[in-house]
């Protein structure tokens, strides 16, 4: 073998730095994905969904467990492909990782552009989404906790205001409603009293029988859609920074995978 050929073979090698950095980068996502997936399946098992799969469609609103299942599954699959692909120098898995991650990035970019262009439509869909979940408030404990958290965090009540709770069978003001919560709102709508150490879960009872000015003394009367928009405007830099950071991580992961694929191909070409 000539010196030139020996130098050519020696120069083509897989970068250990890229290989093990990509491996470490993905094993974290793999483990996190497995944890999210496990939490989601455990939550479904506790609610009896796994023993009766058809019950998935019974809930009229959004089941928050879906977030854990979907996000966990995507992270698990991506982490597995990137982690094993890097460790075993498998170009098929690395290409799958790159394409899948690129597709997610493209979908996120498209969603961001469409959300900016069709702001009014997105607002209408958000309003519809919240109202559908208001109707299903008592149907699922996870959904109930999610709505309570949102209303407490953004100091809001309903999509546009407290009267949106008329759409829920327990809180509506019809005379035929036998519920004790009739004409009320969930406790998460209430204005918090700093002096109270114990949470008063009955603070919203009968509050909508009062006038608008009286209601403002006891509950938050602003809708969650408007409050969410205001929160986005107030935290625009932080929100944009988070999305840019996620996008850069995705691009970085794609570049690492493609770099490793090129190295592997270069080594195989010299065999």
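Just so you know, glycine gets a Cβ as well, placed from its N, Cα and C.
Note on TrEMBL: of 210-235, 236-261, the range annotated with the feature transmembrane segment is 236-261. As stated in TrEMBL, the feature transmembrane segment covers range 65-87 out of the listed 65-87, 134-156. Put simply, residue 157 (disulfide bond) is 5 Å from residue 189 (disulfide bond) when counted between their Cα atoms. If you take the Cα of residue 156 (disulfide bond) and the Cα of residue 173 (disulfide bond), they are about 20 angstrom apart, rounded to a whole number. Taking all protein chains in view, 14 other C-beta atoms sit within 10 angstroms of the C-beta of residue 173 (disulfide bond).
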